[in-house]
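Below: one structure, written as structure tokens.
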Amino acid sequence: MEVKEMLFMNKGDGENSYVKTSGYTQKVAAVTQPVVYRAAQSLFTGRNSCSYQVLNVADLGCSSGPNTFTVMSTVIESTRDKCTELNWQMPEIQFYLNDLVGNDFNTLFKGLSVIQDKYKNVSCFAMGAPGSFHGRLFPQNSMHLIHSSYGVQWLSKVPKMTSEGGLSPPNKGKIYISKTSPPAVWKAYLSQFQEDFLSFLRCRSPELVPDGRMVLIIHGRKSADPTTRESCYTWEVLADAISYQVSQGLIDEEKLNSFNVPYYIPSQEEVRDLVNKEGSFLTEFVDTIEVELEGIWTGPENGAKNLRSFTEPMISHQFGEEVMDKLYDKVKDILVEDCKQEKQSTRGVSIVLELKKKESHLS
């Protein structure tokens with residue numbers, strides 16, 4: 001099974017669903033609202049702004065949670081405020097909600113009533129746009145604003161890595177970059193991220209209109225070292241829980257040693273270098289922010305549910321649905337011990353970018 005067929009958040013609205021456990025990304029969405037607001041307003045300073053009848057906005061990797069509704073609200077209010085200021089007629093707004101085909105679009109669409117009830121006097125529409133953002137999604141010159149939050153760090157495939165001499169698994173006992181991983185593991189992850197992010201930018205450039213904007217919020221790190229606790233904590237906890245299941249005979253060790261997550265947590269420098277290398281965009285704004293996890297991840301039970309909501313589909317595909325309850329119970333136990341020793345992660349790091357399509361890359 002390809003990565004794109006098993007990458008989706010837990011569906012529905014049960015206690016382990018993404019809808020009920022997306023508190024951290026909701027917090028990030030709230031903190032980054034000013035960037036989205038400013039990007040939407042900047043569309044009305046370009047050469048084509050007077051002719052807007054319809055504003056096309058895409059949210060890539062929207063999932064099924066309420067975060068996309070925060071983005072929609074921000075764009076609507078920003079557009080309305082700017083049109084009021086300029087005494088212009090407000091355009092209709094068409095939202096394209098994108099994610100992979102396994103996404104729970106039904107739950108997403110049910111939640112749209114929040115937007116419809118809140119903005120009854122605004123002409124706005126929404127439609128699903130299933131597909132991978134690692135390829136083209138929209139026609140040329142069709143999008144005015146593209147937004148993606150906590151999507152771009154997901155890779156199109158698991159990085160290819162080989163061990164020295166080929167005698168043992170290259171990342172034995174781990175599922176992501178760690179202190180014990182050989183340098184080849186980091187190099188493989190970085191190489192795959194570079195390939196995917198460059199492809200992402202190349203696909204978005206022709207889709208955007210002249211002066212079009214793109215806002216990206218990416219799970220990131222502050223340190224140049226990819227093995228710091230801020231980068232690896234989530235995956236270390238999960239790897240330890242899986243290793244425990246192996247020791248109990250519930251999971252085959254080979255399944256652990258052959259599994260690595262298709263996910264990379266970049267630094268701001270790595271992201272900026274790739275934007276500059278690809279060359280289609282001007283960086284209007286870039287920052288690295290920290291969001292406190294108090295009340296979201298620091299409670300062991302909440303932390304385990306959060307982790308389960310966005311990892312269970314791919315973890316169950318590799319290790320089997322029958323061990324999931326015991327596995328995430330062990331995650332909770334590990335978080336309890338880490339809390340006692342004050343070893344748990346207390347804040348999350350995000351890289352925030354606002355990009356503008358360059359004049360020299362107009363389609």
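Just so you know, glycine gets a Cβ as well, placed from its N, Cα and C.
Remember, it's a predicted structure, so these values are computed and weren't measured experimentally.
Within 10 Å of the C-beta of Cys62 (S-adenosyl-L-homocysteine binding site) we count 27 further C-beta atoms, all protein chains included. According to Swiss-Prot, the feature S-adenosyl-L-homocysteine binding site maps to Tyr18, Cys62, Asn67, Asp99, Leu100, Ser132, Phe133, an assignment based on similarity to another entry.
Long-range neighbours of Gln153 (theobromine binding site) (same chain, six or more residues apart, CB within less than 8 Å of its CB): Phe193, Ile218, His219, Gly220, Tyr263, Tyr264, Ile265, Pro266. Taken from Swiss-Prot, the feature theobromine binding site covers Thr25, Tyr150, Gln153, Trp154, His219, Phe310.
The Cβ neighbour count for Asn260 (Mg(2+) binding site), using a 10 Å radius and every protein chain shown, is 24. Per Swiss-Prot, Mg(2+) binding site is recorded for Asn171, Phe259, Asn260, and the stated evidence type is similarity to another entry.
Within the same chain, residues at least 6 positions away in sequence whose Cβ sits under 8 Å from that of His147 (site 'Involved in substrate discrimination') are Val36, Val57, Ala58, Asp59, Leu60, Val71, Met214, Val215, Leu216. If you look up Swiss-Prot, you'll see His147 (among others) marked as site 'Involved in substrate discrimination'.
Here Swiss-Prot flags His219 (among others) as site 'Involved in substrate discrimination'. Reduced to three states, the DSSP call for His219 (theobromine binding site) is strand.
Taken residue by residue with DSSP, Tyr263 (site 'Involved in substrate discrimination') is part of a strand. The site 'Involved in substrate discrimination' annotation in Swiss-Prot covers Tyr263 (among others).
The site 'Involved in substrate discrimination' annotation in Swiss-Prot covers Glu321 (among others), and the record cites similarity to another entry as its basis. Under the three-state DSSP scheme, Glu321 (site 'Involved in substrate discrimination') falls in the helix class. Around the Cβ of Glu321 (site 'Involved in substrate discrimination'), the same chain contributes no residue under 8 angstroms that is 6 or more positions distant in sequence.
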Looking at the binding-site residues Thr25, Tyr150, Trp154, Asn171, Phe259, Asn260, which ones sit with their CA no more than 10 Å from the CA of Cys62 (S-adenosyl-L-homocysteine binding site)? Tyr150
Inter-residue Cα distance where the pair is Phe310 (theobromine binding site) and Leu100 (S-adenosyl-L-homocysteine binding site), in Å: 14
For Tyr150 (theobromine binding site), which residues of its chain lie six or more apart in sequence with Cβ-Cβ distance below 8 Å? Thr25, Val28, Gly61, Ile217, Ile218, His219, Ser350
Reduced to three states, what secondary structure does DSSP give Asn171 (Mg(2+) binding site)? coil
For Phe133 (S-adenosyl-L-homocysteine binding site): DSSP state (helix, strand, coil): coil
I'm trying to understand the geometry here, so how far is the Cα atom of Phe310 (theobromine binding site) from the Cα atom of Asp99 (S-adenosyl-L-homocysteine binding site), in Å to the nearest whole number? 14
Hey, what's the widest CA-to-CA gap across Thr25, Tyr150, Gln153, Trp154, His219, Phe310, the theobromine contacts in the record, in Å? 15
